[in-house]
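Enquirer: Here's the feature list from TrEMBL:
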- 30-83: domain 'ATP-dependent RNA helicase DHX37-like C-terminal' (DOMAIN)
């Protein structure tokens, strides 16, 4: 059962659901107050038509290319690769209007 769950997490759907929970503020509760500032709802990232939205595709592809499917993996990537940190920051920032992640995320 564990390998099935791990395989699902690494799939595109697993990455989309992680992005959903991240944007919704469940991964970092400090982001919950910024949900009204989202350019689109967190749920839109899990829809079949989401691949037609460039910012949605960008976040999913970036997270998947780095294997990010959990808060711990995201923190690991941010701690090891400054280039990836900036890339993920810029892509996620597209979802929000005037939010500075460096001041609200505890890392």
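Going from the start of the chain as shown, residues are counted 1 onward.
Including glycine, each Cβ sits where the backbone N, Cα and C put it.
Automatic prediction, not curation, is the source of TrEMBL annotations.
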Enquirer: List the helix, strand and coil residue totals of the domain 'ATP-dependent RNA helicase DHX37-like C-terminal' (30-83) as derived from DSSP.
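Expert: Result for the domain 'ATP-dependent RNA helicase DHX37-like C-terminal' (30-83), in helix, strand, coil order: 42 helix, 1 strand, 11 coil.
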Enquirer: Across the domain 'ATP-dependent RNA helicase DHX37-like C-terminal' (30-83), what does the pLDDT come to on average, as a whole number?
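Expert: Per the prediction, mean pLDDT sits at 83 for the domain 'ATP-dependent RNA helicase DHX37-like C-terminal' (30-83).
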